[in-house]
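Engineer: Dropping the structure in here first, questions after.
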């Protein structure tokens, strides 16, 4: 297989699955000799380092349009995408030690690219000057740099503030800033922004503004100190925006289940017009203090904060009888908070065991949060979000919730794309949500190349005719699993199980999640499990995209059978312990 095509295939797999580079080479089915493998690996890593710059060049020199016959939008099955192929070719032409494409002149992509060589190099010099880099090599993203994060900064206007949005624009004009006109694609055309330029975000409207990453005008400004503006990543604003879709003042009340440090809470408050009641739960004492400070600073008069565990709340309590909307942003792996390449260079073999086990625990906890939210009698809209890029915490948890008995009994479905920021292009992965394209279109994914943190947003609705139900999804071992659920099939439950039906492991402690109090980009909290409320016994079967989960509502505990992989891990651990014991005896 062509060297560049192999590298491009690996890039495609990385973008789709976010694994490690080594794992992507294998998963993409790339076969090569050890020497070729190292060469492909090096090219992929080097291309990733320069990817933000290369993507900028492709906006100023639109090769996908100029050479659409050579680099078509649709490619044959098994071929790399034209964009990924262009990235690896551009890297070698502009940043490799030889500054050339090492392929035959008869291979069409090479002459097609060389036609634009002079223009590409000229635009690269302009970028280098604009970024203040003395050498083009300094444009690379390294493990210690901030990636593409130095290109922009998001600042959200807080409508709860005493001054108006017009006042903010006047202040920025006084400081010498130019507001770029509205228009589709303005942001794409203007990255990186000039030092004194800003524009209104195309997806979140007039409350979110994009500035150059080096911007510091807000430092020591009364607007920032008094809570008139809030520094918040774009992706972190999306859950609140989706939650409050078509909100009306007389609809009811809202809940933020894991509120600290308060960025999302303050945005929901503002979207409610600072009216009504927003119940904010925070279990951690220290983070609760952070939350209350933030709410005071952001002038949130409609928030009723309580230092309590959402999972221990009683959905039938009269205090929550008017709650119609719930925001769930639970503890997660935080894998989306990456502006570095480190995670791409990890070795899949070394990390897989502990990583998989931790993700299973997190998924178990996240699912419990959703199922608990389903119980609130007046709830009609529930947003579930994570700052994770792992499908185990994202689409698979959503699918599990939709397949739960309580979801079916109470009529919970997934909101359609039209209600979940429809203009945002990157949607969910169909293959991770039962192969259902409509369900995948109903959720949002964000990646660092979208100029945001990695993020996932989904929305459950009921009593909404537009809601999306699960289609006839074929799961591994689905026939036997179906029999096991309803007890049919010769009058007994099927004993057939596949590896994909292993249950998610139970834990006496809540899984540890990312905790980023300072930035507010990931509003997560690490929990310790306490005893759950005792309710009338009722067991339901839930599938987590291939995992078979038993949820016993008596204790809200998710029990997991050991998979063959876990048994194998335990064997290896025991063998290693025995070996160490033998060595200690010999040394003694």
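Cβ coordinates come from backbone N, Cα and C, glycine included.
Unlike curated entries, TrEMBL annotations are predicted automatically.
For reference, TrEMBL lists these features for the protein:
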type: DOMAIN; residues: 151-463; note: domain 'SAM-dependent MTase RsmB/NOP-type'
type: BINDING; residues: 282, 309, 329; note: S-adenosyl-L-methionine binding site
type: ACT_SITE; residues: 387; note: active site, nucleophile
type: COMPBIAS; residues: 470-481; note: compositional bias 'Polar residues'
type: REGION; residues: 470-542; note: region 'Disordered'
type: COMPBIAS; residues: 521-542; note: compositional bias 'Basic and acidic residues'
type: REGION; residues: 554-588; note: region 'Disordered'
type: COMPBIAS; residues: 570-588; note: compositional bias 'Basic residues'
Engineer: Mind computing the max CA-CA distance among 282, 309, 329, which the record assigns to S-adenosyl-L-methionine binding, rounded to whole Å?
Structural biologist: 13
Engineer: Measuring Cα to Cα, how far is residue 309 (S-adenosyl-L-methionine binding site) from residue 387 (active site, nucleophile) in Å?
Structural biologist: 21
Engineer: Please work out which residue of 282, 309, 329 has the most C-beta neighbours within 10 angstroms of its C-beta, and give that one of the binding-site residues.
Structural biologist: 282
Engineer: Measure from the CA atom of the residue listed as 'active site, nucleophile' to the CA atom of residue 329 (S-adenosyl-L-methionine binding site) and give the result in Å, rounded to a whole number.
Structural biologist: 8
Engineer: Using the alpha carbons only, what distance in Å do you get between residue 282 (S-adenosyl-L-methionine binding site) and the residue listed as 'active site, nucleophile' once rounded?
Structural biologist: 18
Engineer: Just to confirm my parser: what is the rounded mean pLDDT across the domain 'SAM-dependent MTase RsmB/NOP-type' (151-463)?
Structural biologist: 90
Engineer: Within 10 Å of the Cβ of the residue listed as 'active site, nucleophile', how many other Cβ atoms can be counted across all chains shown?
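Structural biologist: If we count other Cβ atoms within 10 Å of the residue listed as 'active site, nucleophile', we arrive at 28.
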